[in-house]
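Everything below concerns the one structure shown next.
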Amino acid sequence: MLALVTAGSLLVVIDIVIVTVGLPQIQRDLGGSLAGVQWVIVAYTVTMGAVTQVTGTLSDRLGRRTVYLTGIVLFTASSLACGLAPGVVFLDVARGLQGIGGAILMANSLPLISHEFEGQRRNMAIATWTTAATAAGLIAPVLGGVLVDVTSWRAMFLVNVPVGVVAFVLAYAKLPAPPRSGAERQPIDWAGAVLLIASLGLLTFALLRGGDQGWGSAPTIVQLGLAVLLFVVFLGIQKRAQAPTLELSLFRVPAFTGAVSAVLMSRVLTIGGTVYFVQYFQGALHFTATGTGLMLVPGAVAQMGAGMLAGKLQARFPPGPIVALGYACKGVAATWLGFAMSPTAGVVTLAVPLLIWGFGGGIAGAPVMSVAMGVVDKQHAGMVGGTVTTLAAIGGGIGTAVLGVLYTAHAQGTTEDAVASGASAVLFASAALAVVTLALVLVLINPRSVPGR
């Protein structure tokens, strides 16, 4: 079962990482500015963030096996559509559908694992799941680079199709259907679901378009205001709902709040940072897509090894210090990279901090997930999985948008020096965010606040 769930998650992870390597080629082929081509990522993260919580809760009600299989079909079909896209609008729409499929897969992965495993076996299973995803992240940049250099960017999406077909066949034949629970017989909070989708969609859109529209412009202010208003109404409905889409009481558990905050910040740093790593490698150092993919390998290798190490460390140490160590590594690596990035930087000079960057992400990943999934019973695992994945996706959108504002402000032009300056600004900001997250984790994820400790 673990292998089947992991295979579905690999589809989503591969698609996130592989696309970042090919963004410059997509921009050249379909046209548009850097801000415009970012929507290839934005369309994916907006829809994933907006519907993940809904799909996680629906899986609790309707059955995880059926919902999970639906996600594989949707993700695979939309990947095919992306690969055949005739223009940027078609590609963005297909990416939005892909985000819905990805949300279904990711929101159900942790609940399926949590239902199957207990205690330390669950910690190791989650560590295995995150490590396998990291391994996909290791392969994806190189695979994406080779596909782009040898064929075209379209192959980056088409590669998902055979993987998706195999994953569906195996899941249909082997994936167990968890026993029905009381949550599956409760009414679905459709009003809450629609409001959550609308508020998250507007919020992410405003964050990602704020740089182009102007942060103080009327459109941005209206979008943010409507997003806040809809979310306030959503919270009011959740307090009265018989079976709420989001169980607000979860956030009264400090460890859960700390864990989901760390997940959000992890995606801000990882996805947002990777987009501008690629811009630097190709814009300042003039690497090919394959060369860019190879430069991302050291960090992925370190992250994979650290993920397995984290699973073992959880048996001996509380999760808070382990997660804090990860963000300390992120902060050190980001600062190092911020100073090192120049048009003449050597491969070794960049590879060492990239190793530390990857190690930090790996050592923090599994403990954070274990803490989040450990605060509720199995009946509500889908709700927690949806919450975690929602914030992860929103974090990716925030990272792309906010770090993009810094990049654009410092990269005045397309020269090597300009690109390097923009990338350095992004990394220094990432270092500051890592330090803030480290402090938050130490305060909220402590032995007194973690269930079972």
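Positions of Cβ are set from backbone N, Cα and C atoms, glycine also.
Features reported for this protein in TrEMBL:
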type     : residues : note
DOMAIN   : 1-449    : domain 'Major facilitator superfamily (MFS) profile'
TRANSMEM : 34-55    : transmembrane segment
TRANSMEM : 67-91    : transmembrane segment
TRANSMEM : 126-147  : transmembrane segment
TRANSMEM : 153-175  : transmembrane segment
TRANSMEM : 187-208  : transmembrane segment
TRANSMEM : 220-237  : transmembrane segment
TRANSMEM : 249-278  : transmembrane segment
TRANSMEM : 284-310  : transmembrane segment
TRANSMEM : 322-342  : transmembrane segment
TRANSMEM : 354-376  : transmembrane segment
TRANSMEM : 388-410  : transmembrane segment
TRANSMEM : 422-445  : transmembrane segment
Inset, instruction - Please indicate, using numbers and ranges, the residues of the same chain that are 6 or more beyond the transmembrane segment (126-147) and have a C-beta under 8 Å from a C-beta there. - result: 2, 5-6, 9-10, 13-14, 17-22, 109-110, 113, 153, 155-156, 159, 288-294, 296-297, 300-301, 303-304, 307-308, 310-312, 314, 362, 365-366, 369-370, 373
Legend entry - Sequence-remote partners of the transmembrane segment (388-410) [C-beta within less than 8 Å, at least six residues beyond its ends]: 16, 34-35, 38, 41-42, 45-46, 48-49, 52-53, 56, 99, 103, 106-107, 110, 200, 203-204, 207-208, 210-211, 259-261, 263-273, 275-276, 279, 369, 372-373, 418, 421-426, 429-430
Inset, instruction - Using Cβ atoms only, state whether the transmembrane segment (284-310) and the transmembrane segment (153-175) have three or more pairs under 8 Å that are 6 or more apart in sequence. - result: no
Legend entry - Intrachain residues whose Cβ lies under 8 Å of the transmembrane segment (354-376), provided they are six or more past its termini: 110, 114, 122-123, 126-127, 130-131, 134, 247, 250, 253, 255-256, 258-260, 262-263, 266, 269-270, 273, 295-296, 298-307, 309-311, 313-314, 319, 322-323, 325-330, 332-334, 336-337, 383-385, 387-388, 434, 445, 450-452
Inset, instruction - Please check if the transmembrane segment (187-208) comes into contact with the transmembrane segment (67-91), where contact means 3 or more CB pairs closer than 8 Å and the residues in each pair are separated by 6 or more positions. - result: no
Legend entry - Which of 34-55, 67-91, 322-342, 422-445 contacts the transmembrane segment (249-278) most, counting Cβ pairs under 8 Å: 422-445
Inset, instruction - Tell me, please, if the transmembrane segment (67-91) and the transmembrane segment (34-55) are in contact, taking contact as 3+ Cβ pairs under 8 Å between residues separated by 6 or more positions? - result: yes
Inset, instruction - Grab the pLDDT values for the domain 'Major facilitator superfamily (MFS) profile' (1-449) and give me their mean, rounded. - result: 83
